[in-house]
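Enquirer: Please find one structure pasted underneath; my questions will follow.
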Amino acid sequence: MGKLAALTLLGACLALIGERLLNFRERVSTTREIKSTEPQNCHLIEGLENGSEDIDILPSGLAFISTGLKYPGMPAFAPDKAGRIFLMDLNEQNPKAQALEISGGLDQESLNPHGISTFIDKDNTAYLYVVNHPNMDSTVEIFKFEEQQRSLIHLKTLKHELLKSVNDIVVLGPEQFYATRDHYFTNYFLVLLEMILDPHWTSVVFYSPKEVKVVAQGFSSANGITVSLDQKFVYVADVTAKNIHIMKKHDNWDLTPVKVIQLGTLVDNLTVDPATGDILAGCHPNPMKLLFYNPEDPPGSEVLRIQDSLSDKPRVSTLYANNGSVLQGSTVASVYHKRMLIGTIFHKALYCDL
């Protein structure tokens, strides 16, 4: 009986793993062809050659761009080169990207920037918060932006036991932010197992100097995060579930679910159009090409606009789509006065006039 029970248990486990493998393949596979949608006035941004994973634009039109991300399982064109933060002034007629000098105590050789978010204090001082992965760990680095010198001063490194496998961040006050955890585990083997079994253990964490807590959970892989213009709602991308969760923000910083918008494509970073409040989503239309990178058949790029997100019938339209011939592995799109920047995990970045 003992052997029979063991064989029965083994068979059940193998059946579960087989079912989960098929489910994983379905989640990350897509056979749809990308219909090209490209504004006429677009060009690659000179100097951004090793990714541009996240982009955040100040109300003044100054755009911060994180570059050089090394992420497990993803290609990296310059694996031995430290990450950088670039700046573009979108008020200029022909804006150029410039790398920002960093001063302070940060070990710049270990800079591996992921999601970023800006915050403007009451005295109009701008701060940049950067999700960093030094030695594949997770920290949040706080910088003060010196606009005249076009430089960053490193102020502080934040670490916490709940800030593990951090992907993105949205800052709403001094050292007050929401952060997404895209995996529950940090061990590479366990992360692979988590991706296959899909236990929906990833979460959104609220951080402040007084309190750190999980405020939303049950995501397949929580990824990009941003906030509505009125700061009443938080938008969370669940990348492998191919959807966006709209959450209501409460005075105690807790989040409660409002609705889920299914998009049928892997959703990475989210931004909000400051002129309309529409959600912009950087997406991966053919993710298997990311996992098994072939420069002769590269992953494509896709940017979606979601209008009327709180209505019964949100409107989804395509702002940009390319099969990888121009831009590979898009992660984010951010707009300012009809100018759009599109970033990628490991490839280049695109500038478009809309």
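Here the Cβ of each residue, glycine as well, is placed from N, Cα and C on the backbone.
Note that this is a predicted model, so its numbers are computed, not measured.
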Enquirer: With reference to TrEMBL, which of the candidate residues Cys13, Cys42 participates in the disulphide bond with Cys352?
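Expert: That would be Cys42, the partner TrEMBL lists for Cys352.
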Enquirer: List the Cα distance (Å, whole number) between Asn269 (N-linked glycosylation site) and Asn323 (N-linked glycosylation site).
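Expert: Distance (Cα to Cα, whole Å): 19 Å.
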Enquirer: Sort out for me which one of Asn269, Asn323 has the most neighbouring CB atoms within 10 A, since those are the glycosylation sites we care about.
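Expert: The largest 10 Å Cβ neighbour count belongs to Asn269.
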Enquirer: Round to a whole number and give the Cα-to-Cα distance in Å for the pair Asn323 (N-linked glycosylation site) and Asp54 (Ca(2+) 2 binding site).
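Expert: Just about 20 Å between their Cα atoms.
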Enquirer: Using the structure shown, find which entry in Asp54, His114 (the recorded positions) has the sparsest Cβ neighbourhood within 10 Å.
Expert: His114
